[in-house]
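Down below is the structure, laid out as structure tokens.
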Amino acid sequence: MAKAKFERIKPHVNVGTIGHVDHGKTTLTAAISHVLAKTYGGEAKDFSQIDNAPEERERGITINTSHIEYDTPSRHYAHVDCPGHADYVKNMITGAAQMDGAILVVASTDGPMPQTREHILLSRQVGVPFIIVFMNKCDMVDDEELLELVEMEVRELLSEYDFPGDDLPVIQGSALKALEGEPEWEAKILELAAALDSYIPEPQRDIDKPFLLPIEDVFSISGRGTVVTGRVERGIVRVGDEVEIVGVRATTKTTCTGVEMFRKLLDEGRAGENCGILLRGTKRDDVERGQVLAKPGSINPHTTFESEVYVLSKEEGGRHTPFFKGYRPQFYFRTTDVTGTIELPEGVEMVMPGDNIKMVVTLICPIAMDEGLRFAIREGGRTVGAGVVAKIIA
């Protein structure tokens with residue numbers, strides 16, 4: 001019996017708070033929870049419940065994250081908040097909390113600070129598509145001109161990293177005052193919620209994206225041909241569809257002549273399902289684990305890319321020593337390890353466990369990839385890092 005399907009009447013959107021330490025990310029998270037629960041119904045979460053973030057493990061990396069949910073009249077939001085800067089870095093790089101949009105919190109008493117910049121850069125690198133600014137602690141600034149100055153600074157900083165700094169919404173408010181129930185500041189939280197609704201477009205569901213299945217196994221069935229198995233990552237494949245086999249070697253085209261799930265024949269395989277795909281005229285040796293089956297033209301194989309990487313600390317089971325240029329680990333994409341070489345940024349001689357770093361990777365064979373694809377860095381099967389493809393070079 002298949003599990004009951006998770007049906008929601010309203011569209012579901014993933015967001016999160018980012019910004020410098022002590023600028024009020026967690027207070028804002030609590031304020032949104034309270035004001036929206038009070039206005040539209042739902043359960044309010046307190047600061048202490050959010051601040052006490054449970055520890056999670058994502059690909060062997062320990063991350064502290066708080067997840068809360070809230071509703072506006074038109075949408076359901078899942079919101080992530082992290083206690084420490086390192087948690088943000090890990091969260092964004094591993095994709096543990098994929099964000100459809102982020103709320104950048106900037107204290108108007110301080111203006112943009114080092115982590116403000118770093119979180120904007122990370123958002124750009126890992127592909128957070130939209131940023132909305134909440135200028136916090138505005139109740140503590142009497143000077144209107146000072147607020148304007150801070151807003152200008154934040155907008156310029158966002159433009160510097162290719163976000164539309166001039167056009168994105170900036171809300172001036174006070175999370176603490178809103179949490180204390182002061183109507184003029186509660187109104188600012190509702191303004192922020194309205195900005196989330198209008199500025200972040202409804203995300204495309206996995207099922208509506210072009211078909212892609214990472215190949216895990218290949219079988220030959222006498223009299224029927226070759227079957228590849230795996231979990232459909234996105235889209236739908238139907239019997240009779242033309243598909244491409246991409247990665248590792250030259251791309252080839254074939255046709256899906258059958259879809260099987262739990263030994264039953266189906267007309268189609270959909271995102272999230274584990275299935276076997278029968279391929280016309282394909283030999284057992286033409287396909288291997290590590291390739292993907294995809295809608296023709298939807299994804300290309302690449303070998304060289306810029307990435308943002310988090311290197312596991314010794315405590316997380318990572319390396320005990322730094323690595324240098326010339327380091328040649330394995331890069332694990334979807335279902336397979338590929339050896340690659342790295343190029344460190346100018347002036348960087350070595351990378352310490354626990355660091356995050358931008359690096360250019362060149363693989364020894366091509367892998368089907370898009371910007372935003374996550375990977376692990378491994379040494380002999382042990383994970384020592386996590387990364388994301390920021391920009392494809394070749």
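Note: Cβ is positioned from N, Cα and C throughout, glycine not excepted.
From a predicted model like this one, the values you see are computed outputs, not experimental measurements.
Some features that Swiss-Prot has for this protein:
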type    : residues              : note
DOMAIN  : 10-204                : domain 'tr-type G'
REGION  : 19-26                 : region 'G1'
BINDING : 19-26, 81-85, 136-139 : GTP binding site
BINDING : Thr26                 : Mg(2+) binding site
REGION  : 60-64                 : region 'G2'
REGION  : 81-84                 : region 'G3'
REGION  : 136-139               : region 'G4'
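When the region 'G2' (60-64) is classified with DSSP, helix, strand and coil residues number 0 helix, 4 strand, 1 coil. Within the same chain, residues at least six positions away from Cys138 (GTP binding site) with a Cβ under 8 Å of its Cβ are Ser108, Leu147, Gln172, Gly173, Ser174. When Cβ-Cβ distances below 8 Å are used as the criterion, the region 'G3' (81-84) is approached by residues 16-17, 21, 25-26, 29, 50-51, 53, 63-66, 68, 91 of the same chain, each at least six residues removed from its ends. Ranked by Cα separation from Thr26 (Mg(2+) binding site), the binding-site residues Gly19, Cys82, His85 are led by Cys82. Every protein chain shown contributes to the tally, and the Cβ of His85 (GTP binding site) ends up with 14 other Cβ atoms within 10 Å. The list of residues near the region 'G4' (136-139) in space but at least 6 beyond its ends in sequence, with Cβ under 8 angstroms from a Cβ of it, reads 23-24, 27-28, 105-109, 147, 172-177, 185. In the region 'G1' (19-26), the DSSP tally of helix, strand and coil residues is 2 helix, 1 strand, 5 coil.
According to DSSP, Cys82 (GTP binding site) sits in a coil region rather than a helix or strand.
The Cβ of Gly19 (GTP binding site) has Lys25, Leu104, Val105, Val106, Gln115, Thr116, His119 as same-chain neighbours under 8 Å, each 6 or more residues away in sequence. Sequence-distant contacts of Asp22 (GTP binding site), defined by Cβ-Cβ distance under 8 angstroms and a gap of at least six in the same chain, are Ala107.
Listed in sequence order, Gly16, Lys25, Ala53, Ile63, Asn64, Thr65, Ser66, Tyr88, Asn91 are the same-chain residues six or more apart from Cys82 (GTP binding site) with CB atoms under 8 A from its CB.
The average pLDDT computed for the region 'G2' (60-64) is 84. The local packing around Lys25 (GTP binding site), expressed as other Cβ atoms within 10 Å of its Cβ over all shown chains, amounts to 26.
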